[in-house]
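*Asks:* Dropping a structure here in structure tokens format, bear with me for questions.
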Amino acid sequence: MSQAAALPVRGETAVAKRRTFAIISHPDAGKTTLTEKLLLNGGAIHLAGDVKARGERRRARSDWMEIERKRGISVTTSVMTFEAGEHVFNLLDTPGHEDFSEDTYRTLTAVDSAVMVIDAAKGIEPQTRKLFEVCRLRDVPIVTFINKMDREARESLEMLDEIAETLALDVTPLLWPIGMGRNFRGCYDLVNDRLMVFAEADRKRFGAVIACEGPDDDRIGQVLDTEEHAKLVEDIEFVRGVCPPFDLEAYRGGHLTPVLFGSALRDFAVTELLATVGAYAPPPRTQPAEPRAVTPEEPAVTGFVFKVQANMDPKHRDRIAFFRICSGRFERGMKLTHVRSGKTMAVHNPIFFFAQDRGLAEDAYAGDIVGIPNHGTLRVGDALTEGEALRFTGIPNFAPEILRRVRLLDPMRAKHLRRALEDLAEEGVTQMFKPLIGAGWIVGVVGALQLDVLAARIAAEYEVEASFEAAPYETARWVTAADAGEMKRFIDSNQGSMAEDRDDNPVFMARNSWSLTRAMQDWPKITFSATCERS
Ligand code: G4P
């Protein structure tokens, strides 16, 4: 092969540079602080605090976000694109409240890797674990950042043990902490054999990097006191003995997590974290689709919608579809086929999420996220292509864990209520089900907070007063059968428990887990699914 032929073309280089990732964590572990510092390190924002300040302004604009403000949480997700070194990073924010919604899960379908932030004093908390399980389903590789080392923390070895045991992962520390809390002196870089310490006079900021031959190097003895140095030598010998060396393939396969210790607040090890994601995290991955998988280097544009946010401006019924590009080079004004309807749509006003300057980007590549304004055409799971009839797989609806009957306070507003429920279902705030028998709607949510969001938004945006009453069902399952006759018999025999979802798919509503198990035993030819792929 000639040398010229071996050179990558522009699109290939652009794809190879991209790192599309999300931060997964439990509330309060430091995700917001870390995001700010990552953006700062990437040169994307100039003032720390911008992420929060921007959030506050956005919150002030919209009524329903009262809930977020009151509860001190952020429900909306967003995309931040920034460049650092030779990489373009797309950081997708996952809402971090305890009762998280399907949005959170779906955002993870649009990333190629994740950073898991753990509070050094608390270890792995429930939300982190849930999000981790979603990552594992898709083999999303994870870099771990153990945050708040500047506070009293648990023993570092104990933390590694917990990650390895709870999450069944191999762990490889890349940075090893020296001390903790008031005595946090810095970290030893196990990959490059160097010492990273805070400035002597001012423990608040990262100070110097000292190159060395190994942990017992004399140059370290000049910075650390004898006791600190002896412990460091002992720790590193032990850690190198018990932890496997870093293995890129194991990490990218989701079996091993590299671990960094640091402090987001003090901007310690944040640059190293970004460098780790840049160096090791995978570039845009091949996306599962039917009838064939899509590789990011393909020239034709393809992608899918993983999130729809309606009514960003309450005065207009506008929506933004968040579109993950899976292949090709996307340009402003481009005509794409909306595969579900077969119609062509011209994308005149795409939103590029460059944190520095939104207006600049004119094109985007595999791994990038583009916001597409529309009036309800685009739904979660929809594919856009340059003509090929593709369907991206693995973008699920989750069986709701809470079901409620919707009660309308003013019957004259029934149409508005239906519209509101449909819109919000499209956005993924809730799911709606129409029972086969009886009037009214049943809404299903994965977390209780979604109900509050739903009620507040229906009131604020659609001026409909509705309340939610207990429904006699505990859970729901999508039902399918290879044999249409069997399906009909099942539906006829269970009329009182049957409903249809928004796309007319049959759903079995179970009164409790016992009745679900019973139905599954009685009807072995019917498949009961806890997730339903968006069609
Ligand atoms: P979240 O988005 O994951 O919910 O966490 P967030 O960044 O808001 O951080 C939660 C709290 O932890 C904040 O304190 C933040 O300042 C603190 N924090 C984050 N990283 C570190 C760290 O490395 N070291 C220390 N010591 N604290 C850290 P807060 O008092 O709740 O909020 P704020 O008033 O400081 O904003």
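In case you wondered, yes, glycine gets a Cβ from its N, Cα and C as well.
Got these off TrEMBL a minute ago, pasting:
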type: BINDING; residues: 25-32, 93-97, 147-150; note: GTP binding site
type: DOMAIN; residues: 16-285; note: domain 'Tr-type G'
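Walk me through the surroundings of each of these features.
*Replies:* Secondary structure at Lys31 (GTP binding site), as computed by DSSP, is helix. All protein chains considered, the CB of Lys31 (GTP binding site) has 24 other CB atoms within 10 Å.
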*Asks:* Do any of the binding-site residues Ser25, Thr94, Met149 touch ligand 1, in the sense that the CB is under 6 Å from one of its atoms?
*Replies:* Ser25
*Asks:* Once the chains shown are all counted, how many other Cβ atoms turn up within 10 Å of the Cβ of Asp28 (GTP binding site)?
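*Replies:* There are 14 of them.
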*Asks:* Give, as a single whole number between 0 and 100, the mean pLDDT over the domain 'Tr-type G' (16-285).
*Replies:* 83
